[in-house]
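Visitor: Relevant sequence annotations retrieved from TrEMBL are reproduced here:
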- A:60, A:81, A:89, A:125, A:413, A:420, A:421, A:422: FAD binding site (BINDING)
- A:198, A:199, A:200, A:201, A:242, A:243, A:254, A:420: NADP(+) binding site (BINDING)
Ligand SMILES: Cc1cc2nc3c(=O)[nH]c(=O)nc-3n(C[C@H](O)[C@H](O)[C@H](O)COP(=O)(O)OP(=O)(O)OC[C@H]3O[C@@H](n4cnc5c(N)ncnc54)[C@H](O)[C@@H]3O)c2cc1C
Ligand SMILES: NC(=O)c1ccc[n+]([C@@H]2O[C@H](COP(=O)([O-])OP(=O)(O)OC[C@H]3O[C@@H](n4cnc5c(N)ncnc54)[C@H](OP(=O)(O)O)[C@@H]3O)[C@@H](O)[C@H]2O)c1
Ligand code: FES
């Protein structure tokens, strides 16, 4: 790592408004400065480098790593990932027809090339290695393992009725998440799908169901999903929101894409939208994003489709409705419809609640996807806020401090709950990295793993080997990457994803 | 709900430092006022599309004000955009989608006087701006602002990512 100046000097130059350097030189700060300037006069790495373990290789993990690597010269980062492949929801969430969003992977690849960084794929923390085994090997741990489950509706038989899935599973199926490659949704027995929820994930799954296949065929969508979608009879998708149009959670770019779908009509209750826009005009005048979203919605719903044909597809946004009962065929158990209860809004205009009116309506459908949010899972030994689906923290630092939780930080969806685009995830990753750097400055976080315990992965490698866990490093992932790209090229796809863990391991030579 | 729009002139000018910004850049940046001292070089060079820098003493002036309040003056050629120019000069403006209008991480706040000279943002740019952190009335996406002679001398501010953090409000 090239060094142009010692950190003591840069400290003086850049710390505008901070106390003079001399007053910073308490014992703790001396240690800090010694630690920082270690790269000019390298002491034995084992005593001076700060060894950080990370769990999860999505955007939160990579952006936190980036900011630490940039700001701490003498740091070593081990990033554990449950799957043999990195990037979390950038690979397994972001829709296949949004390749631009995945450009961020180039940045992540550059981060992974840093000699101070190590990717340790195919190791699931809490399963292959416990947090309690990880903790003594690291000066700090950063948890950025995202949200690997989803919220339930709480309807009777929700999990038992065929063709009722979470959007998470459906997205995982078309995006090649090994866990869901065998989902096999039936897209042929009915022409109507219902999606519960009106967020961007709901729009993603609706778009994949309705968009032209020749466009989808040029993406990195998995071959099994493309085949099933080729045979699909789904032509109508209803998106159900428990509250009104003003509370819709999707954003303008994604709505614009839906409105632009060829030969596909948008249906919604225009008088309701207009009355809600009028009632909420004070809010809309102050909030440009929501105002623009509502205007776009109105335009999309009132623009007559010039090219409607008898074979036209459609999608609808149904507001003020909550699912209460799944209707099935008494003999085949197949899903035939959904009963909805009409709601009205109560409470403050800017954050109203949905309250049932008792009025029931039934819509026919043969596929139901619940898209009402992802959910994080707790890790043994750590506090967890199950209502908000996150680990309680202050600016990324895990609270409830005892000796176990000290030195543990969180980032990304695990830190703030399962919402936010990559930009938001990046901002909060920077915040977590800042918190860590602050703690180092305050002397609260120091290299402490002594020479008696080999720090980091080195000390855990043999344990993993004994358990039969084979590790995929970044080089091995690049082999998988190359095979995927090579398989995609002849089909005109950016890649054909490998969807089985065993096959990934075989390609990785593990 | 997203933060309401405030004009740049009304937005509080905050010069507090965020820790990560303080140590963020690693190779000497040209034409910087005041020239900061560097700590170390990045082992992870920023990705950027190669923009050609103008010859010394030529080119259009662009001033970036970093989240720390530092003013960085660089020179660029006509036709280059503010994201690529920033990257070519090691100014830390993120560009997660690499200029394809899909991320809003290249958000900059343009000085009023120059904002009025820019072409209106497209619907697509406005869609992404609506997701930008700390949106103001003179916000633009750096990857969409193309340098021209009229913009010579433009000043843009990089919003601070870590101050007033309200990410949970960003969808
Ligand atoms: C369907 C969908 C589409 C999206 N599309 C977009 C989009 O187009 N544009 C946009 O800006 N944002 C999009 N987002 C949001 C974006 O994906 C998130 O902001 C971001 O991925 C969150 O990052 P994260 O690192 O916190 O979590 P994740 O990306 O989920 O990363 C978590 C990682 O941790 C790993 N992990 C989990 N458990 C363990 C364990 N026990 N041990 C080790 N590793 C573990 C996971 O395998 C995963 O790799 C989308 C989200 C979804 C759900
Ligand atoms: N293209 C993109 O940029 C993109 C794509 C996908 C995802 N993302 C991002 O990823 C994040 C997650 O997206 P998401 O769609 O999962 O979450 P989301 O935006 O929070 O949407 C969840 C939806 O489910 C509804 N809901 C929640 N609980 C419900 C219940 N019990 N019954 C009925 N409805 C319920 C919510 O309505 P209420 O408001 O009434 O709770 C809301 O409409 C978002 O920040 C999103 O922007 C971005
Ligand atoms: S770089 Fe993504 S929108 Fe400009």
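Cβ coordinates are placed from backbone N, Cα and C, and glycine is handled just like the others.
Curation does not apply to TrEMBL; its annotations are automatic.
How buried are these features, and what lies next to them?
Guide: DSSP assigns residue A:413 (FAD binding site) to a helix. Non-local neighbourhood of residue A:413 (FAD binding site): A:58, A:60, A:146, A:147, A:374, A:376, A:390, A:419, A:420, A:425, each in the same chain, at least six residues away, with C-beta under 8 Å from its C-beta.
Residues near residue A:254 (NADP(+) binding site) in space but far in sequence (CB under 8 A, at least 6 apart, same chain), listed by position: A:200, A:203, A:204, A:207. According to its DSSP assignment, residue A:254 (NADP(+) binding site) is helical.
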Visitor: What binding-site residues from A:60, A:420, A:421, A:422 have a chain B Cβ less than 8 Å from their own Cβ?
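Guide: Qualifying residues, whose Cβ lies under 8 Å from chain B: A:420, A:421, A:422.
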Visitor: Hey, what's the Cβ neighbour count for residue A:60 (FAD binding site) at 10 Å?
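Guide: If we count other Cβ atoms within 10 Å of residue A:60 (FAD binding site), we arrive at 32.
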Visitor: If you run the three-state DSSP split on residue A:89 (FAD binding site), which class comes out?
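Guide: Residue A:89 (FAD binding site) sits in a helix per DSSP.
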Visitor: Could you check which of these binding-site residues, A:198, A:199, A:201, A:242, A:243, sit within 10 Å of residue A:421 (FAD binding site), going Cα to Cα?
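Guide: Of A:198, A:199, A:201, A:242, A:243, within range: none.
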Visitor: Using a 10 Å cut-off on Cβ-Cβ distances across all protein chains shown, tell me which of the binding-site residues (A:201, A:421) has the largest neighbour count.
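Guide: Of the binding-site residues A:201, A:421, the highest Cβ count within 10 Å belongs to A:201.
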Visitor: When you look at A:198, A:199, A:200, A:201, A:242, A:243, A:254, A:420, which the record names as binding NADP(+), what is the longest CA to CA distance in angstrom?
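Guide: Roughly 20 Å, rounded to the nearest whole number.
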Visitor: Listed binding-site residues: A:89, A:254, A:422. Which have a CB under 6 angstroms from an atom of ligand 2?
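Guide: Cβ < 6 Å from ligand 2, in sequence order: A:254.
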Visitor: Looking at the binding-site residues listed here (A:198, A:199, A:201, A:242, A:243), whose Cα lies nearest to that of residue A:125 (FAD binding site)?
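Guide: For residue A:125 (FAD binding site), the spatially nearest of the binding-site residues is A:201.
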